[in-house]
């Protein structure tokens, strides 16, 4: 009896709230209300969220499986700090070094943002490598995950590409001369070597064209390409699931 | 009842939210802490500005390119084959290395996944890791 009365009370309350429209208004403006209300009725958000959040993680997953996730986290750190650096960095041979000094010494927390980008890059390469070693020793690259291994190697190459192109951008002694030596390497390719080096440098020597080129590759071309491969990598993980125990 | 539920969970694993998400959150905060600590203890270096007319004595790439750099130097020992040999062999070796890495799942057709049941591939992998580490240290010291 008491339960029934309670239920009736609640129903009455709800109708009063609905009549006032306040609750609906509140739910619409609060994120949960919007996501679970109008958006859910169109896109089935609730079902998708529950399916994804309640998906069981197999019990054999141990701490060795965390390197891929850490790599993704470091990638987002690189994206965010990179965008913030873009606000002050100037990609010309006259201004690049000065702008980096300005970022480090004068921009509020500029030292922190630049430091995070610097150390995040180094740590990301470590984590990507550890992730690859885990996948290798667990034999997780075998079918049906063979194509995901291929996207993974592409992600490794792209990460190294980020490292190589980003290294030149501060336009200091080490970056200038390391890039001079590094861009000589493709010159050893038979027949087309000299053309390759000229293509990468945008001329015979490292100069403004090289800096512009590396800047464009570092902030536009590589992020777009790595985004494409990341999506493929994650869709395949989601579809095929985490690899089982041995 | 409770035991059954526990058994079920053990067989299937904990749900992603909140169990696994909490663990991932902890790992991410540890990584963020390590990053900030690194930045504060060893700030990003401020080298002298680029000078095209002043070549430094020792030019070395970042640590993650050191093995490739030292590999190219090792290829110079093949100079006895001709002038073309060191450079072409060095870059060919690196290209083939990346190609083999991409093709690994198609070359290794052994369906076994336990490391003890695929000694050859694991052995080659460990050899490659030792080689890369040795080249990196050699490149750092030379």
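For all residues, glycine too, the Cβ spot is worked out from N, Cα and C.
Unlike curated records, TrEMBL annotations are generated automatically.
A quick note: this is a predicted structure, and the numbers were derived from the prediction, not measured.
Within the set A:24-42, A:100-118, A:119-137, the record from TrEMBL flags A:119-137 under the feature transmembrane segment. Feature annotation (TrEMBL): of A:2-22, A:149-169, the stretch labelled transmembrane segment is A:149-169. With a threshold of 8 Å between CB atoms, the same-chain residues lying at least 6 positions outside the transmembrane segment (A:61-89) that come near it are 96, 99-100, 102-103, 107, 110, 113-114, 116-117, 120-121, 123-124, 127-128, 130-131, 134, 138, 162, 169, 219, 223, 226, 230, 242.
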